[in-house]
Amino acid sequence: MQKMGKQKNKTASFSFWNWVIASIIFRLILIYFPKNLNLASRPEVSTPLTSFRRLAEGYWLKQLSMSPYAGSMYHGSPLLLSLLGPLTVKRIEGQPNHLLYSLVSVIADVVSAILIRATGKNLRLAYLRSLESLDIVKQTKASGEFFKILSPGDAAALIYLWNPFTIVACVGLSTSPIENMAVILCLYGACSRLVPLAAFGWVIATHLSLYPAILIIPVIFLLGCGPDAPPRKLFLQKNDKEEVLNKSKLPLGFSWRPITHFAFWALLWSAYVLVLCGISLKQFGGLWEMFKSTYGFILTVEDLSPNIGVLWYFFAEVFDFFRNFFLIVFHVNILFMIMPLAIRLNHRPCFLAFVYIAIFSMLKSYPSVGDSALYLGLLGWFVNELADIQFSFFLFCGYVGVSLLSPVMHTLWIWRGTGNANFYFATAMVYACLQIILVVEGVSAMLNHDRKLRNLTTSKPQDAKS
Amino acid sequence: MAETKETSEKDEKPKPRVRPIVRLGIFLISHSVLVSVVCCTAGVLALFLLPVLAKNTYISENALMPGSASPMLSYQHVSDGNRLVKDLTNLDLKSSETGIESQRVIAQYMLELGAEVSFHKFHAQLNQFHPLHFFSSPDSGVIQENFSCSSYGINTVGIIRAPRGDGKEAIVLVTPYNALKSGLGEAVSVGIAYSVFSLLTQVTWLAKDVIWLVADSRYGEYAAVAAWLRDYQIPKFSSLSTLNSEMCPDINNLYDLKVNSIAGSKYSNSFRRAGTMAAALVLKVGDQSEQYEDTISIYAEASNGQMPNLDLINVVNYLAVHRQGLRVQVEKLWSLLNSSWLKSLGEIFESLGKVAKSLNPEWKFGIPATEYVEGTATLASSLYYQALGVPTGPHGAFRDYQVDAITLEISPKYSLDKFRRNDILLRGGRLIEGVIRSVNNLLEKFHQSFFLYLLTSPSKFVSVGVYMIALALLIAPLPMVAASLYVDANSLDSKTNKSTPSTIADTAERGITIRSWRWLYSAKLVFAVHVWGAIVSLLPYFICQIPDCSSTISFMIWVVLSMISLLTLYSVLASPFSCNNASQEKEWALVKSVTISYVFIGLGLMSVINFATAEIGALLMVPMCLLARPLKFDLRAGSLRSFSRMVCNLVLGLIAFPPAAFFLLKGMLEDFGSVNIGDFWMWVESLWAWNSATYIFIGMVYLPCWVLCVHILLHTC
């Protein structure tokens with residue numbers, strides 16, 4: 001899909017909005033074949049957390065004035081029930097059953113794409129500004145020429161919109177488009193320094209799927225020192241060398257003001273969300289019940305039905321008395337990576353966010369293709385920096401191969417009965433490996449890019465001499 | 001032997017140097033030509049070695065215990081069966097207008113035994129191509145349309161409840177019977193089933209219910225069985241069934257009155273069910289066999305190359321051979337039996353085996369040449385039917401619901417006159433009884449033995465672990481060649497860029513930035529061609545809607561529309577032939593690299609879905625992909641090597657075109673005179689009618705690959 005986005009960018013008569021409209025039309029066409037595609041029942045699309053069927057079930061339970069969490073069917077937020085629940089039962093005569101709900105997903109996708117585009121524009125401006133302040137615009141002109149046409153915002157938005165994973169998640173009626181929108185809202189708000197918006201996005205994303213909580217670190221960096229730039233050291237070195245104290249060219253130092261703002265707003269929003277949840281769950285056990293069956297369900301990996309992650313298989317095999325230990329190990333695994341990455345990539349908070357999202361969508365307890373769609377879309381922001389990423393072709397083929405092989409293996413196991421769980425789990429492992437390679441190569445390409453910039457700044461005087 | 005030698009040779013090369021895996025990969029990639037030649041020949045050789053490597057079958061599930069009990073079917077039961085056969089044949093002589101009469105007779109016989117009887121009415125469902133069927137689960141395949149009363153079929157179902165069971169499991173016995181036009185064979189098969197059925201009502205050991213389905217085969221055997229299975233497995237909550245009876249009251253009334261008047265209590269109007277099916281046997285009695293013995297043919301291939309559990313075939317084979325003295329056979333490609341090259345190949349293998357044995361008597365390698373030829377013929381037909389993806393009989397319907405089923409066709413030595421008939425009834429009945437008794441012992445569903453195998457004779461098989469080697473060797477060069485081409489294209493590109501004197505820094509910079517994403521252009525082309533492939537495979541759905549179209553004309557329309565769509569796609573997506581840019585010079589290498597990667601993914605996927613299709617496809621596609629190189633280069637070079645490569649390319653490009661390959665194969669197997677252009681259309685129609693994945697493979701993997709290879713051949717830069 002990256003291919004499509006990029007390709008279209010190249011052509012002179014490129015029109016971003018045409019492609020957006022085309023993607024909407026494509027989604028609508030697919031929505032009109034719900035029975036035949038049967039995407040909503042695919043394990044790749046709907047996990048226990050994002051499944052449409054479970055949402056509808058939760059809504060029905062609530063309508064019958066029972067707790068929506070009764071029977072371990074629904075594990076999402078009570079707010080989603082109130083917002084999307086009515087759409088699960090509303091039908092229009094002569095139209096597909098869940099048209100209204102699908103339309104909400106489509107709108108969520110488009111909004112996410114627009115936000116990604118706006119953020120991408122911000123990032124590009126920041127990139128150009130930093131190049132300017134380093135006086136290496138000329139050196140990078142060649143690459144700039146290549147990427148001027150290819151603005152990262154457009155690329156990222158189109159990659160997000162046309163990624164088959166996004167399309168499948170949208171047409172498969174899962175709630176991940178909305179979760180993704182919350183994450184993107186948070187990043188957009190942080191990038192364009194709209195503190196209340198960022199706080200709102202962060203609170204909602206955390207509320208919906210817990211894992212985006214760790215995005216607080218990139219958000220703090222974003223608010224504190226602005227969007228992605230080359231390492232601060234570089235600017236300082238340069239200023240030392242030229243011995244011209246040009247303060248205006250220095251990037252801003254870390255400022256605490258927006259962060260206190262953010263903390264305030266985050267507190268406010270979370271209190272608000274909790275109050276709303278509390279009201280809607282008043283008769284059904286209150287907030288504690290909600291925490292137990294949403295966050296508790298995520299953290300204890302209760303549902304071991306197969307998905308594209310690696311945890312279900314492991315916890316199906318593991319002995320019961322080791323279970324708690326391994327639960328801790330697996331979740332700490334995510335937390336372990338937070339600090340080193342934050343230290344190494346603190347000058348590039350958006351990229352840091354991308355890496356975090358990729359990591360938790362690989363290690364989360366119920367991953368779906370919707371999560372991959374998010375980080376693959378965000379990858380488009382860094383087309384300039386990641387231009388010389390290694391193994392790009394291999395990764396692309398790997399993603400194509402795995403996403404085709406995984407349903408086939410699932411069919412072989414469940415429907416034909418000639419395969420077994422190992423077949424399906426093998427594809428899940430390959431998928432996890434691919435994601436690891438993507439993250440590793442992405443990070444190393446980014447560091448190489450920084451190195452290249454440093455070389456350019458330091459080698460400039462020599463060029464001038466010659 | 002030769003193959004193993006070669007592979008070991010290949011393995012040994014990198015072995016002495018103990019280096020990281022990356023070095024190994026680089027080594028393999030840099031020697032990709034040699035590796036691919038070695039791997040491909042080894043793959044083809046391994047395919048021909050499969051009959052030699054076949055293992056004897058064995059009964060893997062201990063609970064089956066075939067033949068451990070002596071058969072209980074006596075002459076009493078046989079004479080009962082014979083009585084039914086006589087009644088049926090007499091009925092045929094008397095009146096054959098509706099066929100209802102014979103169904104009534106069968107039902108009456110069943111009722112007399114104390115079985116539960118019901119009739120199942122179904123519509124003959126036309127096999128229709130629906131483009132989205134491939135992605136949906138079996139239940140959504142029900143197309144409900146208006147049928148007239150004339151297209152009714154009526155299955156008769158008898159169920160014996162097991163005295164020792166809890167009604168959770170069942171064994172199914174199917175006898176196709178066409179009431180309108182029944183031969184003696186069908187009547188005898190019903191007779192055999194009846195004699196077994198009458199025995200089973202009396203036995204005490206039965207732990208699973210037995211369902212006897214007399215499938216009304218006037219609209220085809222498969223359709224009847226499939227319709228019954230669909231209603232059995234997927235309870236209908238809609239009002240369709242009641243609607244049916246309202247629509248056609250006369251048929252229903254006729255039934256109810258007559259049957260009710262005869263017996264009463266155990267007849268039911270509604271659909272009767274027993275438990276989940278453990279296994280199903282379809283029994284047919286064919287015409288006189290050409291062999292000099294009573295033979296029994298086993299048909300096992302279900303849709304998309306799925307096979308029943310090998311244990312089921314083993315049990316039948318064991319009981320037929322060792323207990324009933326029947327000769328068991330599976331399908332063969334008869335035309336291969338007389339081919340001389342296969343015979344000589346068999347002799348080579350035989351002598352090789354002898355040499356191996358003289359070296360070490362422990363090595364039991366090599367089989368007699370005649371056996372090899374027979375094994376190859378069986379293997380070829382096994383591959384062919386699996387690759388076709390069309391079930392070889394009504395048993396195919398069961399496999400869609402994960403029920404293991406086979407069709408047994410008994411062909412007697414002499415014609416079915418009265419004395420011989422008793423013998424066939426007795427032996428056939430005892431065989432069926434034995435199989436049912438074995439399956440009855442089963443505690444779980446069949447799972448012990450293989451599901452993925454190829455038969456080389458009724459008692460020999462090649463398991464998935466062995467035959468996958470052949471395919472793996474065949475497609476192993478693909479990723480390596482793709483990688484080496486990719487690396488070559490990139491390094492050449494940067495070299496040419498550096499050699500240009502103007503603005504070295506800029507171009508170097510640019511080379512880096514573009515290089516890692518340059519494959520996107522080729523990927524775009526490949527993607528476009530695959531989209532075209534999808535369009536081409538959807539076109540027949542629309543062509544079908546044209547009324548009164550002969551197969552030849554439909555085929556022509558299809559070809560023309562495909563060409564038009566290809567040309568438009570080419571013109572819309574910036575013409576790939578243009579090479580104004582110097583860096584595009586190696587474009588074809590990248591296109592080839594991407595093509596090969598996608599072929600690898602496609603073949604890998606298909607090998608999981610349907611091995612046989614992947615194997616046959618790989619035999620054609622792998623050489624075509626690996627050899628493809630712009631003809632212009634070979635013409636320019638003018639050496640013998642490039643000339644031979646050019647000839648190879650041209651020949652492969654011609655042969656591998658799907659219709660050409662089809663006509664060539666058909667001509668080789670049958671006769672070139674009988675080949676008709678419309679045949680291809682008919683063949684394709686049968687593929688999609690059966691929802692065969694082979695159709696998708698041809699449309700979405702094979703055809704795009706062929707087009708891309710031709711594109712590379714015609715590349716002008």
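Note that the numbers count up from 1, one per residue, in the order the chain is shown.
Cβ atoms are placed via backbone N, Cα and C, with glycine included.
Remember, TrEMBL labels are computer predictions, not curated facts.
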Where TrEMBL places transmembrane segment among the ranges A:50-68, A:69-87, A:297-315: A:69-87
Any contact, the transmembrane segment (A:421-440) to the transmembrane segment (A:321-343), with at least 3 Cβ pairs under 8 A: no
Tertiary contacts of the transmembrane segment (A:210-229) (same chain, 6+ residues out, Cβ under 8 Å): 122-123, 126-127, 130, 179, 182-183, 186-187, 190-191, 193, 195, 198, 202, 251-256, 258-259, 261-262, 294-295, 298-299, 334-335, 338, 342, 346-353, 356-357, 360-361, 364
Stretch-level contact, the transmembrane segment (A:262-281) and the transmembrane segment (A:69-87), CB cutoff 8 A, at least 3 pairs: yes
Non-local residues, at least 6 beyond the ends, that sit with Cβ under 8 Å of the transmembrane segment (A:155-175): 1-2, 4-6, 8-9, 16, 19-20, 23, 26-27, 30-31, 34, 37, 39-40, 42, 44-47, 49-52, 55, 76, 80, 84, 98, 101-102, 105-106, 108-110, 112-114, 116-117, 119-120, 208, 368-370, 372-374, 376-381, 383, 403
Close approaches to the transmembrane segment (A:69-87) from elsewhere in its chain (Cβ under 8 angstroms; 6 or more beyond its ends): 48-50, 54-59, 61-62, 98, 100-101, 104, 175, 178, 207-208, 273, 276-277, 280-281, 284-285, 289-290, 292-294, 297-298, 302-303
Listed stretch, out of A:99-118, A:321-343, A:389-409, that has the most CB pairs under 8 angstroms to the transmembrane segment (A:12-33): A:99-118
Chain residues outside the transmembrane segment (A:99-118) and at least six past its termini with a C-beta under 8 angstroms from it: 16, 20, 23-24, 27-28, 31, 52, 84, 87-88, 90-92, 153-154, 156-158, 160-161, 166, 169-171, 173-174, 177-178, 180-181, 184-185, 188, 192, 377-378, 380-381
Distal contacts, the transmembrane segment (A:389-409) - CB-CB under 8 A, six or more residues away: 2-3, 42, 44, 164-165, 308, 369, 419, 423-424, 426-428, 430-431, 434, 437-438, 441-442, 444-445
